[in-house]
Amino acid sequence: MDTVSLTGKELAAALNADTKQRAEALTAGGVAARLALIVANDDPASAWYVNSLRKAAERLGIACERIDLGADATADGIRAELRERSADPAFDAIMLQTPLPASVALDDVSSAIAADKDVDGVSPLSLGLLAAGLAGFVPATAQAVVELLKHHEIALSGRHVAVVGRSNVVGKPLAQLLLAENATVTVCHSRTTDLAAITSTADVVVAAVGRAGLVTGDHVRAGAVVVDVGTNEAEDGGIVGDVDAESVRGKAAGLSPVPGGVGPVTTALLMRHVVEAAERHRG
């Protein structure tokens, strides 16, 4: 079987073109959309990602300010910074970059982000709005998975989707988004017994657990679609996903590549959220 590569390049380009046009309209009105990137780590991979976000914002006409709190930042210090930026009308959007210091849990500080500026949908309020089916910003990676599947015309209504991973930033919100598309969703995790017995019955398998090569050809039925959300550092310094692509390719009908699949769409959606926040603030 020929496995179609579910790339995100075309979708990301279309999203970015629309975002750029809207950002330029805001700038023409006198005030550019502005994002605060809050960083509390010295992680090289995080630094690379933050730099890529800043470059993406610059290309699209979005002002982006990196605010470094240091790897020794406390929960109180992070919350104070988030509250200050939430109250500052100069900023339309806030993104708290992970990882956080070992002593700080995302759930303990994210509630300090104002919902109207929480463009990555990580606060308890944003996640609650999503669970209730109400308007709010959605975690961009979870949204990117759904948008990528739609872009490649993968049907979701009535289909069985197995989501491997239950984090608050991908797995859980993705399950909510898939339910809204009328999919039948099974969420698997580290305590799931016989993972392959579940995933091999699914029409779509989404791997979002952060373990390189966890999902293999044995986990996938012939003709299924596989979306790889993982970004793990390989021994050679490159990036690999949560899916063993070689064993899945030729068995799955479609497979998103790493890199080049979900990632570009996630960044594009984050930038679109920033502009949407700015548009709402401008009335």
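Cβ coordinates come from backbone N, Cα and C, glycine included.
Positions annotated as NADP(+) binding site by Swiss-Prot, on the basis of sequence analysis: G165, R166, S167, S190, T231. Spatially close to G165 (NADP(+) binding site) yet at least six residues away along the chain are G171, V187, C188, H189, V206, A207, A208, V209, G210, V229, judged by Cβ distances under 8 angstroms.
Between the farthest pair of Cα atoms in the NADP(+) binding residues (G165, R166, S167, S190, T231), the distance is 18 Å. The Cβ neighbour count for S190 (NADP(+) binding site), using a 10 Å radius and every protein chain shown, is 10.
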